[in-house]
Each structure stands twice: as C-alpha cells, then as structure tokens.
Amino acid sequence: MTQTLTLRRPDDWHLHLRDGAMLQGVLPETARHFARAIIMPNLVPPVVTGAQALAYRERILAALPEGMAFAPLMTLYLTEDTDAADVAAAHASGLVKAVKLYPAGATTNSHGGVRDFAKVQGVLEKMAEIGLPLCVHGEVTTPEVDIFDREAVFIDTVLDPLRRRIPELRVVMEHITTEEGVAYARDGGDRLGATITTHHLIINRNHILVGGIKPHYYCLPVAKREKHRLALRAAATGGEGRFFLGTDSAPHVDALKEHACGCAGCFTATNTMQLLAHVFEEETALDRLEAFTSLNGPRFYGLPVNEATITLTKGDVAAWPAKIFTEAGPVTVFDPGFPVHWHVNA
Ligand code: DOR
Ligand code: ZN
C-alpha cells in the first residue's frame, strides 16, 4: 500500500544561505520544498543594518531559479553598536522578521556578536515594544565551561536573566540540543519559542566521535548525549505549538569540513522533509509533522500559514545526491546513516 502525506508547504525558521556562488548552489535545495525561511545574517561581513538586509534579500531573490517560489525572511545581526531606530525601520519595511543574537565567539562568524548585554538593552527594549523577535544562539563562550554544558549554562546565566529584564521580548531559542533547553522552552510562556534541527533529532555525540571522527556531523551547538536527542524528539513530535522546525542547514565546502580545524554545520536542506517523515513515523507522530514544519512557526511569527501544499510518499529506498556541486566547491548532504523510504513528490 502506498502511503502519502499532504501537508501545507513547510517553512524553515533557521537557515544559512551564504552569498555568491554558495548561495547560487544551495538556494534551490531549500526552495524546492520550502515556501519561506528565516535567513541567518552571519555573512562576512555580517548583515547588521536594515539596508544590508534588504540588499542581501535582493541577492537571494536574484539567485532564485526561474519558476521557483521562495520568500526569504530577513534578520539583522545584533552588535553592540546596533541602532534601535534602524532596527525599528527595518521591521517597519515588513521584510525583516527577527534580530539574531550571537554571543561573541560562539560559532561561525560570531566575533562581531555581543559581549556586554548592557550595550544592547536599548535595542532589545525597542524590539519588545514593536514585537520583533530575538533569535538566540544559546551557548556561553566562557572557555572554562565544557562545550557539552554551554547551552544549559547559557539558559541559567544569560537567557533567563535577559528575559526577566525584558519580559515583553519575544524570543526564539534557536536549535535547542538539550533536555534543559526543552524544559526551559516549555515553561517559557507565549513569548518564547524554540526551533529544533533535523540532524539533532537523528544524531547524538557518539555519531560524531565513535569509530573515527565524522566532520559532517559536527555542528554548533554540538550534538549531545542520547537522552537529549530523545528529549528533542519528544518535543518536536509532541504537537506543542512552541516547537518548530529550524534546520540550521549550514553549508561549508568539503575542503573546510574535512580539515584540521573543520567548520561547524550540517547541510540538510536537500533531505530534511524526507528525514523528518522518517523520524515522525518512528515516533508514530506523522499526524503532527505538519504542525512542526508548517503551522507552529507561522503562528509564533504572526504570519499566515502557506496555502500551497507538499506531498510525501512512502516507497522504495529514497535517494538524493551525496553532494551538491556548487561553484564554490562540493557540499556534502547530511547522511542519516540509515535507509529512508519517504520521497517528496515533484
Ligand atoms: O553549526 C553551525 N553552523 N552552527 C552555527 O551556529 C553556525 C552555522 C554556520 O554558519 O556555519
Ligand atoms: Zn545557524
């Protein structure tokens, strides 16, 4: 019996598209399945001002192949010099949907991020006033804190105090990876949401480290131990409105992943929907996949749900390219390590 599943077209609430040749190469991988995505601003140099975000949006639209429909939802990279009036004007344009907080040094191109939160208090207050969400990379960068504890420590020492200072601020905990992240998001009230990636539902830290180091499974926040993966699965598939998909699909060319100091990021744009159908079926939650990919995110961001649909079919073992060949170099597509039987209909 063929099993099919028709959903409202999904959105990706956390995506890295990069720029130039890489953008050109990876954009179709997302636009093929997704209607919209929140576009991360950690370019070199970062997308800090409203004008830079609108110019980047134009470059994305120019890279979109003929016949593909896709709406980039832009973000601004928060720095200690960010101007509250510029943020408000960007929000008023209707094209900028969030501001991204990178603690300085937390991840790829985050050195321009925030060190002293007192310096961004005014911007955050303005965002709370106008209802513009803050997307948070939730890891401390203190060298003494073990990398596997950085999310939990961030919640206690940075995120919770920040939300108590500015309770009206809408916050998205991006790519949560721990049971502490799940628990905090659950208790956080209506102004708090959390994205979960595809790969953190599939891998734990053993997948990265056992039997040889697997650079294509290395991302930030790094995958944690198994109990955390199980907590993420329960959150994603449980139907609660505060959890939604943000793939954090983050392309780096293979030469920089397979390297003595390899870049962080898993590239899942190509096969996310197939993998999620597999995961949700394993959790006997296929009826909740649409909430996770297509309903909860728009509700949090105050946007309409998509009218178009996407259909998935279960059949023979699915195949997708092992690599996407961009003009910047080859990018390896995330390999779940098990056969997947779900296909996205053309
Ligand atoms: O794995 C990651 N890659 N995590 C991030 O936070 C950034 C991203 C990137 O830009 O490569
Ligand atoms: Zn990211």
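Going from the start of the chain as shown, residues are counted 1 onward.
Yeah, the Cβs are placed from backbone N, Cα and C, and that goes for glycine too.
Note that TrEMBL annotation is computational and uncurated.
Together with His137, His175, TrEMBL lists one candidate of Lys97, Lys100, Lys214 for binding Zn(2+) 2, that being Lys100. In the record from TrEMBL, residues His16, Leu17, Arg18, Asn42, His137, Leu220, Ala264 bind substrate; the candidate from His33, His228, His252 listed for the same site is His252. Together with His14, His16, Lys100, TrEMBL lists one candidate of Asp190, Asp248, Asp254 for binding Zn(2+) 1, that being Asp248. All protein chains considered, the CB of His137 (substrate binding site) has 24 other CB atoms within 10 Å. A sphere of 10 angstroms centred on the C-beta of His16 (Zn(2+) 1 binding site) encloses 25 other C-beta atoms. Along the domain 'Amidohydrolase-related' (12-304), the predicted structure has mean pLDDT 97. For the pair His16 (Zn(2+) 1 binding site) and Asn42 (substrate binding site), the Cα-Cα distance reads 8 Å.
When the Cα of Leu17 (substrate binding site) is compared against those of the binding-site residues Lys100, His175, Asp248, the shortest separation belongs to Asp248.
Here Asn42 (substrate binding site) is positioned 9 angstrom away from Lys100 (Zn(2+) 1 binding site), judged by their C-alpha atoms. The Zn(2+) 2 site is defined by Lys100, His137, His175, and by the 8 Å test on Cβ atoms against their centroid, the other residues of the chain that qualify are His14, Met40, Leu101, Tyr102, Thr107, Cys135, Val136, Gly138, Glu174, Asp248.
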